[in-house]
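Step one of this worksheet: look at the structure below.
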Amino acid sequence: MEFSERKRSRKSQSFKLVSRDYHHEVYKIPEFSNDVNGEAKETQPIFLGDESMEIKKQITGMRRLLNDSTGRIYQRVGKEGEKLKEEPQDLDLVWPPRLNSSAEAPQSLHPSSRGVWNELPPQSGQFSGQYGTRSRTFQSQPHPTTSSNGELPVVNSSAGSNCCTCNCQSTLQAILQELKTMRKLMQIQAVGTQNRQQPPISLICSQRTAVSRKRNKKKKVPPKTVEPLTVKQKPSGSEMEKKSVVASELSALQAAEHTSPEESRVLGFGIVLESPSSDPEVQLAEGFDVFMPKSQLDSILSNYTRSGSLLFRKLVCAFFDDKTLANSLPNGKRKRGLNDNRKGLDQNIVGAIKVFTEKYCTANHVDKLPGPRDWVQILQDQIKLARRRLKRGSEIADSDERLDGIALPPTVV
């Protein structure tokens with residue numbers, strides 16, 4: 001194939017020109033071509049012949065252009081998942097042999113053109129259009145001549161009307177004019193369908209503003225809380241007195257409510273004993289003769305209830321001082337060494353603290369409740385800390401004694 005010869009590829013979207021030495025009679029229509037917009041424009045023919053034959057060739061080219069457009073739409077708008085139909089091979093459009101113009105008289109322009117138009121609808125993929133340049137912007141729905149199931153009607157390529165076989169120029173020109181108007185209508189419909197697919201900008205803006213309004217409405221404070229503040233009247237003296245009495249009663253009730261949970265905490269897990277002193281004592285657990293001042297227990301419960309292990313540590317420190325912890329063992333047993341004078345901690349006190357901590361943590365949903373093996377470990381940690389504190393205290397005391405032992409030199413007067 002020479003460089004000047006260009007044929008149409010099966011998969012490409014472009015149409016290629018064919019050199020003029022291509023000897024097929026059907027495709028040799030050099031006087032018809034398309035511009036960029038797909039409009040048919042007439043060029044000067046290479047050879048001078050009958051004018052009616054030239055119009056027939058133009059009609060043939062326009063028919064191929066329209067059939068190619070509709071066929072392309074039908075192939076691209078197939079259902080998803082279905083294999084698109086292949087383009088059939090181009091069929092030869094050969095006009096029937098000319099008859100004598102004197103054999104039939106030319107009919108009127110309008111009826112003849114309408115009759116021919118009904119018999120020459122655009123076909124679906126019958127002619128792929130060698131002479132048309134496909135416009136990439138032309139993508140629309142099938143032409144209204146399609147049937148209900150989406151397929152275009154197929155019409156025989158040969159024209160059945162006698163008027164098409166004759167050489168009446170007025171009829172042929174009318175057919176060509178209607179084909180051109182058909183092309184324009186298809187382009188207008190393509191632009192309309194593209195505009196329908198894109199929503200207008202005003203609609204998008206209105207939807208966005210509606211969404212923003214909904215979000216603002218959610219953030220607004222309900223008006224019920226604002227109404228009593230805005231509607232207020234100046235109360236009289238009697239109303240003020242009534243309000244003061246009601247406020248005092250409410251404050252007393254609130255104070256009772258605040259004190260009752262604290263008392264319930266202690267009463268539920270400890271027994272309060274009446275004593276002549278102002279500060280009553282609380283028995284931590286039943287069956288254990290372990291008592292603690294109520295004020296001290298309340299302060300521990302209000303400050304150290306983040307975890308059960310921390311509460312247990314603070315209660316142990318409240319019952320045992322550093323010297324007792326430093327000279328004790330956590331499990332209550334005596335060390336067997338010769339010079340080891342450590343004794344076990346009082347298991348009565350440790351047991352009461354343990355029972356109180358378990359009940360309090362389970363009732364108030366306190367996290368980090370010590371496990372069965374954690375109690376002894378916590379006691380060992382407290383013993384080590386007490387020893388460190390005593391050691392630091394002894395070192396500080398020794399340093400203070402050394403400073404006191406250094407006497408200032410006497411001054412001679």
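Positions of Cβ are set from backbone N, Cα and C atoms, glycine also.
Annotation source Swiss-Prot lists compositional bias 'Basic and acidic residues' at 78-88.
Look at Swiss-Prot and you will find 99-111 (among others) tagged as compositional bias 'Polar residues'.
Annotation comment: Swiss-Prot describes 121-153 (among others) as compositional bias 'Polar residues'.
Here Swiss-Prot flags 211-222 as compositional bias 'Basic residues'.
Look at Swiss-Prot and you will find 223-232 tagged as compositional bias 'Low complexity'.
The feature SUMO2 cross-link is assigned by Swiss-Prot to Lys16 (among others), with a large-scale study or a structure entry given as support.
Per Swiss-Prot, SUMO2 cross-link is recorded for Lys56 (among others), and the stated evidence type is a large-scale study or a structure entry. Secondary structure at Lys56 (SUMO2 cross-link), as computed by DSSP, is helix.
The feature SUMO2 cross-link is assigned by Swiss-Prot to Lys85 (among others).
Summarising the annotation, Swiss-Prot assigns SUMO2 cross-link to Lys243 (among others).
According to Swiss-Prot, the feature domain 'BEN' maps to 287-392.
In the shown protein chains, 14 other C-beta atoms lie within 10 A of the C-beta of Thr324 (phosphothreonine). In the three-state DSSP scheme, Thr324 (phosphothreonine) falls into the helix class. Look at Swiss-Prot and you will find Thr324 tagged as phosphothreonine.
According to Swiss-Prot, the feature phosphoserine maps to Ser328. Cβ neighbour count for Ser328 (phosphoserine): 19 (other Cβ atoms within 10 Å of its Cβ, all protein chains included).
Annotation comment: Swiss-Prot describes 78-153 (among others) as region 'Disordered'.
Feature annotation from Swiss-Prot assigns region 'Disordered' to 208-243 (among others).
Comparing Ser328 (phosphoserine) with Lys56 (SUMO2 cross-link), their Cα atoms are 122 Å apart once rounded.
Between the alpha carbons (Cα) of Thr324 (phosphothreonine) and Lys56 (SUMO2 cross-link) lies a span of roughly 123 Å. Helix, strand and coil content of the domain 'BEN' (287-392), in residues and according to DSSP, is 64 helix, 7 strand, 35 coil.
Counted within 10 Å of its Cβ, the other Cβ atoms near Lys56 (SUMO2 cross-link) come to 22, all protein chains included.
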